[in-house]
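Annotated features in Swiss-Prot:
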ACT_SITE  E48  active site, proton acceptor
ACT_SITE  K131  active site, proton donor
ACT_SITE  C165  active site, nucleophile
COMPBIAS  355-366  compositional bias 'Basic and acidic residues'
DOMAIN    8-282  domain 'CN hydrolase'
REGION    346-366  region 'Disordered'
Amino acid sequence: MVEYTNTFKVAAVQAQPVWFDAAKTVDKTVSIIAEAARNGCELVAFPEVFIPGYPYHIWVDSPLAGMAKFAVRYHENSLTMDSPHVQRLLDAARDHNIAVVVGISERDGGSLYMTQLVIDADGQLVARRRKLKPTHVERSVYGEGNGSDISVYDMPFARLGALNCWEHFQTLTKYAMYSMHEQVHVASWPGMSLYQPEVPAFGVDAQLTATRMYALEGQTFVVCTTQVVTPEAHEFFCDNDEQRKLIGRGGGFARIIGPDGRDLATPLAEDEEGILYADIDLSAITLAKQAADPVGHYSRPDVLSLNFNQRHTTPVNTAISTIHATHTLVPQSGALDGVRELNGADEQRALPSTHSDETDRATASI
């Protein structure tokens, strides 16, 4: 049963990473986690791929030039799920008794993913969800998620969900999230300063509109967290004035938004680092849903509905003959999650996965 009576405090981070340095950015992340906990928060949220930072170089140079300069370093500083860096994040959540949603560049074998880690206050990994479809030139760096990455998680304080960046432009993805009665949503973004003012769709106003609309459409609280572009970013990514103009400056728009669309905390300047704090009262959701509940009384499923495949999929299913096999297949460290081992014609056993059984559901119709 979904409850709407809890009250608690949340934190939204607006900050830049230590560019493409996983260890130092984890240090900064742990420090921010501690600060949010000292201020009485039950949840702190971090930007998209905060560790080790958003790859702005893909937007300001040719793919070949960007790869030559940054690809190896970015790959090396992306996090594997069994890395000491991830363990430090889990430990920080446990030590400070606070839930954490943090964006990382996840390395799985040779591929990278735009991942959000959902960690509870006991330091347990609740979810590792990947961006379903990286945006535009992001697809030259990152792979895709799957249906199991669209989910909402029961936390002690609320039903919690998270999406990255332009996933907030994906109408069907949003509707699937709303259908799971999400109460608090983490919207993780990079700093949106690219190509301004020539391309308004990439600017702060457009992204903030999408973020605020998420709160209004879903009648949910939104904790919006962003990176910022500072002179340090220019120094790191840019070789000339033209590239500095393309990346721009600032781009921060962290917010904490209520289900009626109002800001619950005073925003920072677009180029300022800091943490926003706000108190959440879930009963405000019930007031908003009295007017419009798009997955309840304000829906018409007989006219419009969504097919939602939440199954976790993998590119390889391995069959092993029990008659002719001379050794047992053992999944190697870092192997694909959910690769299946088939012993005989009728037996199928899933290898260990970070996903729960719940995320392996068959296609659902909403």
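Every residue gets a Cβ built from N, Cα and C, even glycine.
Note that this is a predicted model, so its numbers are computed, not measured.
Features recorded in Swiss-Prot, as mapped to the structure shown.
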{"residue": "E48", "record": "active site, proton acceptor", "Cβ neighbours (10 Å)": "28"}
{"residue": "K131", "record": "active site, proton donor", "Cβ neighbours (10 Å)": "25"}
{"residue": "C165", "record": "active site, nucleophile", "Cβ neighbours (10 Å)": "24"}
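When the alpha carbons of the residue listed as 'active site, proton acceptor' and C165 (active site, nucleophile) are compared, the span between them is 7 angstrom. The residue listed as 'active site, nucleophile' is 9 Å away from the residue listed as 'active site, proton donor' when you measure Cα to Cα.
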